[in-house]
C-alpha cells in the first residue's frame, strides 16, 4: 500500500499545531517535561499528523535560529567592517549636531543638552539650573557645607574628589606638571600655565585704570587694591589689613609661630611652600628666571621683574612729596625718611 503524502490529508487545526510547536519550543530543551509532552502527543495522533507537526516544528525552530543569528550579528560601518563589541541591540547612536557617536541612547540625550542649552536640574535653594544631576549635586554642597571626601593623612574634608586629589599632593610631594622650558614642576596644571607665561612673556590681564598688564589674574586684583587702597582681610590678633586672604594666612603664622614646610637639606622650616622653594635654590644654585634682554638668571621672579626695570627704565614707585621715582619700593621707603 502506497503511503500518502502530506497534501493528501486534511488538517483543519494546522494553525493550532503551529502554536503548539511554538509552545514546545519555549520549554527547556531535553527537559523531562519536554520528553513527556512529546510522548503524549505522538501516541494520541496518527502518523500523518505527526509527520506534518514535525515539519511545522522544524520550520519554526529554523526561523528562531535565524532570528538568534541576526541578534548576534555585529554592527557594521559604512565600509562593511564590523564595529567591535557592538550587537544589533547596541548600535551606536549619533549626535546630529556635533557628529559624536555614543553606545547608549541616554548618553546621547545627555550630550545633546550641550547643544540645546537645556538645564533641567534646578537647585531648590537658589533656583540655579544645571545640565546634569551630578553638577546639581556638587552645587548643593555649597548650601549644605557637606564635605564627603576626606584626606586620609590630615582628615581635611573636600566637596569634590578632584579637590582631594589635588590636596593630597601636599603630603605626597607629587608635582606631575613639568615646564618644558626650565623643568620646574607643579602640583596643579593651572600653576604650570601661569608659570609658562614667564617664558612667553604673555600678560593677558590689564588694569583698566593705569593700563599695566599682568600674567596672573590674582596679581591684577592685588595691583588694583593699590588704586583702591582696599585691605579687606584683617588680622584678628593685631588688626593689620591685607589685600589678599592668602597674605593674611601667611601673616597669621607670625603670631602662631607655625612653620609647616621643612628643607630636606638643612632642616630649616618655612611658613609657605613658595618660601621653601626659593630657599632650596640656595642649595641647588638653580636660576630658572632669565632676563630676555641680557639672559641674566635669577632665583626669584620678583628679582627678575626688578632687574628688568634697568632695561625698560620703569620707575613705578613715586614719592608723593617731591615726585622722585624709584625702581624698588624699598628705595622709595629709604628716600621718604629724608623728608621726615
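From the backbone N, Cα and C atoms, a Cβ is placed for every residue, glycine too.
What TrEMBL records for this protein:
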COMPBIAS  1-10  compositional bias 'Polar residues'
REGION    1-112  region 'Disordered'
COMPBIAS  28-46  compositional bias 'Basic and acidic residues'
DOMAIN    93-120  domain 'C2H2-type'
COMPBIAS  98-112  compositional bias 'Polar residues'
DOMAIN    121-148  domain 'C2H2-type'
DOMAIN    149-176  domain 'C2H2-type'
DOMAIN    177-204  domain 'C2H2-type'
DOMAIN    205-232  domain 'C2H2-type'
DOMAIN    233-260  domain 'C2H2-type'
DOMAIN    261-288  domain 'C2H2-type'
DOMAIN    289-316  domain 'C2H2-type'
DOMAIN    317-340  domain 'C2H2-type'
In DSSP terms, the domain 'C2H2-type' (205-232) comprises 12 helix, 4 strand, 12 coil
Using DSSP three-state counts, the residues of the domain 'C2H2-type' (121-148) come to 12 helix, 4 strand, 12 coil
Per the Cβ under 8 Å criterion, with at least 6 residues separating them from its ends, the domain 'C2H2-type' (261-288) contacts 170, 182, 184, 250, 253, 297-300
